[in-house]
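Structure first, then comments.
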Amino acid sequence: MTPKGLIVCLATMVSWAFLIVISKGLLLAYNLDPWIFTIIQLMFGGLFLIAISRKLGATMDALKSPYTWAYGIARVLSAACFTASLLYISAANAGFFGLVSVPFSALVFAVLFFRLPSFLEIPGHIIIILGVVLLISTLEGTYSNPAVYLMVFSEFAVVASVVIAEYHPQNQGDDLQERASLSGVMLVASALIMLISLAGLSLFTDGPATQSTADWISNLPLIDLTQVWSPTMWLAAIAVGITLRGVSMFLSMQAINLVGSQNYVATIAALPFTSLLFELIADKADYLPQAVPNPITILAGVIMTAGSLGILWARQRKFKAAAAFS
């Protein structure tokens, strides 16, 4: 890994951790709806990617592909569920939960594409699962905590987006600007459609509601439709979307381009610990109320991170062995 690659990876990790902590603070301070907040964030983060790539015309044809819409919806849902989970757990815990995507992805690729993990990878997957069980045991309400279901759904959506991106016909090149533009178009289109749908629902549910309508609204998880029209919501989401969400997504692409996906994942495995550090700083600055970290929570995070790094080691060993015999 070159010094430039390492610097970009570290900057990416800091940017994502800062985004998570700032988002949690805004959600709590202004009682923002996490779903609408994230959708607007992603829309303007996507616009940032399009602007910085300067290749909009070359990727507009992507809107004709079902892969584009499927990818965009999966990314929006994964990010929205992740943000919603911050109402129930710390940013560090959410980051640790994110590591469950590693065994999830192995399961999906094994079932759908018959890509079985190597024997050396299996202990790492087991360690991550044990760490998740330990982490859940520290949460209020344990398995009934809404964050558990939100994060599980979020990580399945992440894996789905990875699979879709791998097979997207216009995502097969190595041009960083083209990938940024394509990702931006996919996010903007999907987020815009979802936002328009929520705005329409807010008009439909405006005014006196029948009992059946009231019951239907109560079943919408954590969605306050009136916030679609909130100036505070738009100002906060646009600011975070452009300055943090868009920047973080572009840095991730640049880091993967410079150091490869495996080195990137190994570096970003420290993201939850960076988020924890920022949460403690935010607590000292009275920006974010944060309880003293539970030692068992930290232990669970260390276990999951160790499992993730063990899997990366096993994969690198397999690639080196394959290269030696080729």
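Every residue gets a Cβ built from N, Cα and C, even glycine.
Summarising the annotation, TrEMBL assigns domain 'EamA' to 4-136.
Among the features that TrEMBL reports, transmembrane segment is placed at 7-29 (among others).
Within the chain, the transmembrane segment (35-57) has long-range Cβ neighbours (under 8 A, six or more residues past its boundaries) at 23, 26-27, 75-76, 79-80, 82-84, 177-178, 180-181, 183-188, 190-192, 194-195, 198, 222-224, 227-228, 233-234, 236-238, 240-242, 245-250. The transmembrane segment annotation in TrEMBL covers 35-57 (among others).
Sequence annotations record features per position, and here TrEMBL assigns transmembrane segment to 69-89 (among others).
According to TrEMBL, the feature transmembrane segment maps to 95-114 (among others).
Annotation comment: TrEMBL describes 126-143 (among others) as transmembrane segment.
The transmembrane segment annotation in TrEMBL covers 149-168 (among others).
With a threshold of 8 Å between CB atoms, the same-chain residues lying at least 6 positions outside the transmembrane segment (180-204) that come near it are 35-36, 39-40, 42-43, 45-50, 52-56, 58-60, 62-63, 68-69, 71-73, 75-76, 168, 170-171, 223, 225-226, 228-229, 249-250, 253. The transmembrane segment feature in TrEMBL is assigned to 180-204 (among others).
Under the heading transmembrane segment, TrEMBL lists 232-251 (among others). Only residues 6 or more beyond the boundaries of the transmembrane segment (232-251), in the same chain, are considered here, and those with a CB under 8 A from a CB of the stretch are 8, 11-12, 15-16, 18-19, 22-23, 26, 30, 32-33, 36-38, 40-49, 52, 180, 183.
Sequence-distant contacts of the transmembrane segment (263-282) (same chain, six or more residues past either end, CB-CB distance under 8 Å): 1, 5-6, 9-10, 12-14, 16-18, 20-21, 25, 90-96, 98-99, 252, 255-256, 288, 290, 293, 298, 301, 305, 308-309, 312. Marked as transmembrane segment by TrEMBL: 263-282 (among others).
Per TrEMBL, transmembrane segment is recorded for 294-314 (among others).
With a threshold of 8 Å between CB atoms, the same-chain residues lying at least 6 positions outside the transmembrane segment (294-314) that come near it are 92-93, 95-96, 99-100, 102, 117-118, 120-121, 123-128, 130-132, 134-135, 137-138, 262, 265-266, 269-270, 272-273, 276. Across 7-29, 95-114, 126-143, 149-168, stretch 149-168 shows the highest tally of CB pairs under 8 A with the transmembrane segment (69-89). Within the chain carrying the transmembrane segment (126-143), a Cβ under 8 angstroms from the stretch's Cβ atoms is held by residues 88-89, 93, 96-97, 99-100, 102-103, 294, 296-297, 299-301, 303-304, 306-308, 310-311, all 6 or more beyond its ends. Same-chain neighbours of the transmembrane segment (95-114): 17, 20, 82, 85, 89, 121, 124-125, 128-129, 131-132, 135, 147, 151-152, 154-156, 158-160, 162-163, 269, 271-272, 275, 297, 300-301, 304-305, 307-308, 311, counting only residues six or more beyond its ends whose CB sits under 8 Å from a CB of the stretch.
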